[in-house]
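Q: Before anything else, here's the structure in question.
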Amino acid sequence: MQNWETTATTNYEQHNAWYNSMFAANIKQEPGHHLDGNSVASSPRQSPIPSTNHLEQFLKQQQQQLQQQPMDTLCAMTPSPSQNDQNSLQHYDANLQQQLLQQQQYQQHFQAAQQQHHHHHHLMGGFNPLTPPGLPNPMQHFYGGNLRPSPQPTPTSASTIAPVAVATGSSEKLQALTPPMDVTPPKSPAKSSQSNIEPEKEHDQMSNSSEDMKYMAESEDDDTNIRMPIYNSHGKMKNYKCKTCGVVAITKVDFWAHTRTHMKPDKILQCPKCPFVTEFKHHLEYHIRKHKNQKPFQCDKCSYTCVNKSMLNSHRKSHSSVYQYRCADCDYATKYCHSFKLHLRKYGHKPGMVLDEDGTPNPSLVIDVYGTRRGPKSKNGGPIASGGSGSGSRKSNVAAVAPQQQQSQPAQPVATSQLSAALQGFPLVQGNSAPPAASPVLPLPASPAKSVASVEQTPSLPSPANLLPPLASLLQQNRNMAFFPYWNLNLQMLAAQQQAAVLAQLSPRMREQLQQQNQQQSDNEEEEQDDEYERKSVDSAMDLSQGTPVKEDEQQQQPQQPLAMNLKVEEEATPLMSSSNASRRKGRVLKLDTLLQLRSEAMTSPEQLKVPSTPMPTASSPIAGRKPMPEEHCSGTSSADESMETAHVPQANTSASSTASSSGNSSNASSNSNGNSSSNSSSNGTTSAVAAPPSGTPAAAGAIYECKYCDIFFKDAVLYTIHMGYHSCDDVFKCNMCGEKCDGPVGLFVHMARNAHS
């Protein structure tokens with residue numbers, strides 16, 4: 001009968017010997033680690049087991065666990081072992097105890113790793129399945145070495161300390177070999193990254209080429225910033241250009257050494273801590289603040305601080321959405337004047353209207369493109385700057401006169417828009433809304449050179465003439481300006497454009513009301529002037545040797561025009577027109593106050609005497625305040641009357657075209673001064689086809705000139721002539737200046753207001 005106990009023991013020993021021989025041939029052995037002698041002596045028939053390390057023991061235990069289940073089944077099928085086989089049972093007990101101890105150790109390592117990750121709420125270095133549990137995080141040296149594993153329970157046996165030490169040593173070797181899975185490592189170590197952050201910020205600050213960023217903060221004790229070239233974040237090297245000679249340096253030390261050569265020795269101010277030199281005390285003060293890291297200027301909208309006010313102003317623009325500087329020739333817009341000047345110099349463009357910080361247009365600011373001054377220039381009635389050419393500069397020059405008389409101006413109910421915004425600051429030319437008898441005689445200037453600051457102005461209802469700025473004041477403030485070559489005029493052209501723009505925006509109803517109001521005023525004044533004329537003709541002293549009496553109000557109102565003529569008060573009673581009829585009445589108007597006023601006006605402006613003044617060739621201007629005389633009255637004029645008439649007709653003509661003669665139309669004067677007296681007298685008694693003044697219009701209302709194409713009335717011959725000059729001969733709505741064809745009168749007005757013609 002077969003012995004089942006002997007057969008089972010023999011099979012187990014053979015399998016164990018084969019398993020050990022396999023590991024002995026394939027796994028490298030480590031000397032010094034032997035099994036316990038008791039376990040070896042307890043199995044005399046067992047083959048000698050080679051010493052293994054910690055990893056080999058772990059593999060053995062796993063293999064033995066797999067074999068444990070079939071062995072248990074086999075033992076259940078066989079009878080219980082006899083007394084002779086107690087040694088083999090002790091061998092099984094030793095292996096099971098060793099497996100339990102190793103499992104407890106791995107469970108402790110795994111629990112410690114879980115507690116560490118749970119304490120930081122995230123896997124700092126990412127979870128790597130290739131790393132055994134319990135090993136340190138391979139990325140923890142990037143986040144600091146202060147992390148320590150939680151305390152672990154001390155193993156009970158001394159045999160478990162060696163595996164833990166072996167695992168710790170192997171983890172240090174695996175830190176550099178195990179790559180992270182979910183976290184991207186930094187580009188450089190912590191120390192090098194911190195040292196590179198500060199120079200990068202300084203490079204970005206110094207890369208700004210603006211003058212306002214001249215004194216940027218830098219390290220006080222770091223000489224590399226001033227002795228080495230500086231590169232910005234884009235890799236571009238910072239250059240320092242000399243404003244005097246144009247030499248370009250790449251380091252601050254070289255630039256300061258070169259700048260010293262352009263300074264006077266007695267004006268050099270040098271920094272005590274570095275080679276910085278300057279001629280200005282405030283520059284040295286800002287530089288010393290930089291060394292001391294003092295930044296007294298702070299932004300009220302953020303935490304930005306700086307060493308001077310200029311840098312703070314530049315920084316505040318970063319919080320604003322207003323681009324103050326815009327190019328007139330392209331879509332370029334910027335917040336910084338220095339960049340705007342560079343654009344204008346590079347492309348040869350012209351500047352547009354400068355905006356204030358709140359976004360409102362400011363025509364009084366001019367961009368000096370080639371000047372060294374920072375920011376725009378403010379004009380106070382002076383000549384136009386060299387860089388301020390264009391329509392924007394002319395508007396700003398006209399607007400410079402406005403602040404002198406803004407306080408005395410009443411509010412006018414005139415429709416405003418962008419086209420008429422430039423007229424809001426102008427004082428209005430006043431028209432007499434009351435009859436001449438009720439209106440006092442004002443000491444008005446007799447020439448454009450006379451200052452208009454002393455003229456008292458009374459509020460009146462709006463009229464087309466009230467929409468114009470005072471041309472006499474503008475001419476007096478800007479006598480040295482360049483003239484327009486076409487009409488030999490300067491600001492009259494701009495005034496006509498502005499008037500056309502404003503009148504074009506008035507509604508037809510308002511325009512009709514203004515015309516009816518002016519017509520009613522002129523009719524009332526005409527009736528009163530006729531009654532006064534008849535009364536004075538009867539009551540005044542008669543002298544048959546003199547000509548027709550001159551109206552009193554005519555002499556009172558003629559000086560109200562900005563005249564530049566030769567006033568001869570000795571011949572104030574000489575008639576303007578004479579006739580040979582026996583029934584004519586000749587008398588002298590005995591108004592001493594008016595004569596004294598005329599004499600004083602003539603004495604105050606002697607430089608304007610003897611200026612040739614003739615009517616404009618486009619439209620013959622009528623004598624203000626006179627009825628046209630019949631032609632038969634002029635047929636038999638005596639030679640004496642002809643001589644007196646020739647001497648005084650230019651004076652009457654000046655009342656309607658005085659501004660034209662004062663603005664320099666000498667060519668027209670020379671061409672018309674050779675005419676005889678009969679032609680002058682006939683031209684004074686008639687009007688052209690376009691001029692339609694009412695019959696007997698008094699001097700208070702003045703002559704009215706009408707453009708039949710645009711249905712606009714003018715009270716000044718120069719403005720009327722300028723306006724008619726824009727109408728072309730072949731097409732009345734085609735601009736005669738530039739040839740652009742416009743769509744009706746409104747289109748022509750808008751074209752004149754928006755485009756500069758020179």
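Glycine too: its Cβ is placed from the backbone N, Cα and C atoms.
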Q: Among S159, S540, S688, which is the one flagged in Swiss-Prot as phosphoserine?
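A: Of S159, S540, S688, Swiss-Prot lists S540 as: phosphoserine.
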Q: Test of record reading: of T178, T614, which one does Swiss-Prot tag as phosphothreonine?
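A: Residue annotated phosphothreonine in Swiss-Prot: T178.
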Q: For the candidates S207, S583, S663, S670, I need the one that Swiss-Prot annotates as phosphoserine.
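A: Annotation hit in Swiss-Prot: S207.
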Q: Of S210, S219, S460, which does Swiss-Prot mark as phosphoserine?
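A: When Swiss-Prot is consulted, phosphoserine appears for S210.
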Q: Zinc finger per Swiss-Prot: which of the ranges 325-349, 425-449 is that?
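A: Going through 325-349, 425-449 one by one, Swiss-Prot flags 325-349 as zinc finger.
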